[in-house]
């Protein structure tokens, strides 16, 4: 079957002036990010959120944002930098990357909320801004946060959006499906973060769209909420709906996506199915813990050509290459020869997270 | 029957299949069926929700219902405002009607719309098939509906306090013309603020302007009590034009006054024109 594209993006560029980096759509539950390890390489801390409207020179958050997005010579920040991607009809595509990578900007250009500085974007063959009237009934949108009348009850809000469509899902059934029946009479501002997320998801799909954009659909959800959301996304896919979601949760991308697009600093750094991405490159890897500051250059002399080694978080080492008994023996022998006890030594398959770290030099906070 | 049963095979291999038929919730038919609803249906839904939300907000009810009624009752009862030969209630009802229109079309609408903008409601609704024109039409219809409630309430309280309007049935077209023009002028001003300022700034400015126009708008005492220079300013402001015009019709039994109509029409055109140009939806 010839692949029909739901989305085609070519050479997309979007810059912001350093002072007007768009804020996230609203306050987010920071706890949802978990206590994840941050900034494995000193100043590279892209997990910090960009801080708009602050002096560039005074806050680490802003400089991190600049570093994460690549400031160009004229002081404008390239949120999206010559990015191209395509999404086949009926697939689930995950845009994966750390905060500030350009995921939301890319998605909001596709949704018609922002105008690109350069590049070509076709959504279902149409222009997201010029053909907005034709596209809006066909495209469902879930914003990262907000977007609701604060005083409206969950059921009222969903019924309002349902009333904008000719053949909507039954709002009550959809609320039930997402575990929101008991909250239908609760004003939006009193819903928990997870309930707000699920309501936002419901609003994206209630009009029975062909294509849905879900911007971090499971951020802030508990385990049950994530499972409910994942099941709905899988059902959307089965029903033939094209789904584009952004996430920085590896397990989400690995479980849901037919196609994973890894974005960093406004560029696509890798594309493929989860299996393709984790199969490429090294065949396996070895992890161990040891005191920090091992001279890895000398270790590599003892290992076969093509093997790499580096220290990830302090005291955590990663050796990648053809992992066989000889490699394992060589590593432990070298450690023994240097009077180092290698703890927690283990052989692993690469995960999507490893691919990501390898490609971007930074970790996803998840 | 679930969505999965009615469809052919999905368009490619996937790592997981949905868990069909769990707790009776597998009945959603998620297959795409995109189409916009009729404009009439969208308009009705938008108007209904806007109206419900307005009436549900306590501060909005205070502003649009309780304060106007309270002012009317208070100043009628204590009669601190010497107003010549006429009964004070005959003077007060037109002014309080003008205040009511201002509180709904300007103050309430500016504050609500400002916060809707800052909460991303307008952005989010912009991603649905709802056209902006219908969104605005819904807001306007909700404003008009609240005004009808205010009108009924204030007229009833006015009659209970012995109000004796002049003009009879012939006054109705003039009153309606004034109310519609006043609503347009105040809506334009409110949307102009809400569409350009931050929500918090809109909140402060809308309340400040409300108080200012209450004081120098001929609402509870006549413009003739103001010093000349202030009166000259007040006369070209929409509140005074509306309260003066209503008073001309309802208290004096004359026409609404060309100057009042012109002042309101100019405010309406300028503010609505500017609002349409400058309104930012995010």
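Note: Cβ is positioned from N, Cα and C throughout, glycine not excepted.
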Candidate ranges B:242-260, B:261-279 [criterion: TrEMBL lists as transmembrane segment]: B:261-279
Transmembrane segment range according to TrEMBL, out of B:24-51, B:136-163: B:136-163
Selected stretch (most C-beta pairs under 8 A with the transmembrane segment (B:261-279)) from B:91-115, B:136-163, B:175-194, B:201-221: B:175-194
Stretch among B:91-115, B:175-194, B:201-221 sharing the most Cβ pairs under 8 Å with the transmembrane segment (B:136-163): B:91-115
For the transmembrane segment (B:91-115), distant same-chain residues with Cβ under 8 A (at least six beyond the ends): 53-54, 57, 60, 63-64, 67-68, 71-72, 75-76, 81, 83, 122, 139, 143, 146-147, 150-151, 154-155, 158, 163, 165, 179, 182-183, 186-187, 189-191, 193-195, 197-199, 202-203, 205-207, 209-210, 213-214, 217-220, 222, 238-239, 242-243, 246-247, 249-251
